Amino acid sequence: MSCTVAIPSSPVFSPSRRPLSCKAASASASPESVSVAASSPAQAAPPAGSPLRPFALRAHLREEATPSPQPSAAAAAAVSAPAGSVLKRRRPAPLVVPVCGGAAAAAAAAAVAAVESDPRNEVEEDGEEFAVYCRRGKGRRRVEMEDRHVAKVALGGDPKVAFFGVFDGHGGKSAAEFVAENMPKFMAEEMCKVDGGDSGETEQAVKRCYLKTDEEFLKREESGGACCVTALLQKGGLVVSNAGDCRAVLSRAGKAEALTSDHRASREDERERIENLGGFVVNYRGTWRVQGSLAVSRGIGDAHLKQWVVSDPDTTTLGVDSQCEFLILASDGLWDKVENQEAVDIARPLYISNDKASRMTACRRLVETAVTRGSTDDISIVIIQLQQFSR
């Protein structure tokens, strides 16, 4: 018969003398935070007479020989923190955003200064038959003057042939600049081919000039485009053409007569033409736009919209008689703020005096009127004295 004897002081039957107490964090602390504290009185070794004394001694020696792992920084902080305290997460280091250096600021200032000091920001040009005044707009987004003009008297060496134009660039100045530099040359070449031809041949020559100018600009693979309005005077005849929303207005005995119609996406016939070509016109923020992008429906350039924004001009031909006083060519910066008849009324008292200073004053006054009414666009105006080119 076996017999079991319980020894009260033996660790085999005695509960551990090393209780753990788990204290919940305070109500204000994070629910994820728990404070653990150990009541760690040193565990007494078995008494010398205990039969477990040799085993306890060997276990004690093994604990001393095994190095304890180094606690992490967070664990060390937890151990060093008072019992019952709540550990807080450390705030991350502040994010420092670098400020542009002096070189970058200086470069930006130099770029602005270059734009502001560009001599094309305000241009005056006059002759015996014409006056030109151009001014850069003051819109917030306006970076550089995008308008250009041309005034060529004695085109191709003929004193009775003259060519004038206003070119309103968009998406940069490159297209308008190219047109102003090259269209007069292309026009002279085309007019040589129809020397002595009738009005129909002349209109076809002007159309070929526009198409060639567009073709040559597209070869450069540059962005942007330009609206155009031109006037060709020869042998007592006037040929006015446009592609875009630059406009030509004739003063006929003091009555305004528009010789062009603006090519805008809002025009019903232009919208129908674009849709027949597979495009679309949409009203975006109150303005009708081709493919939701461009407000004009014709012009030079605009390669990404070339399928719909064509360079074919509309052309009007008429004879210069005694009632034809002067012709105003201007970009939409003027016409958006000044009506046709109003422009004639402002310019006529000054222009019919046949004085250079008065003609330039007429151009300036038209620009000032538009600016006073809120125009922030570039404005270019050419006024031509037509009687100088009558038969």
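Glycine residues also receive a Cβ, built from the backbone N, Cα and C atoms like all the rest.
Annotated Mn(2+) 2 binding in Swiss-Prot involves D332, D377 plus, out of the candidates D168, D195, D198, the residue D168.
Listed ranges 1-53, 107-159; the one Swiss-Prot annotates as region 'Disordered' is 1-53.
In this structure the alpha carbons, written CA, of D332 (Mn(2+) 2 binding site) and G169 (Mn(2+) 1 binding site) are 11 Å apart.
For the pair G169 (Mn(2+) 1 binding site) and D377 (Mn(2+) 2 binding site), the C-alpha distance works out to 11 angstrom.
Compute the center of the Cβ atoms of D168, D332, D377, which mark the site for Mn(2+) 2; besides them, the chain residues with Cβ within 8 Å of that center are D147, C227, D245, C246, S331, G333, L334, W335, D336, D378, I379. For the binding-site residues D168, D332, D377, the largest tally of other C-beta atoms within 10 A is found at D168.
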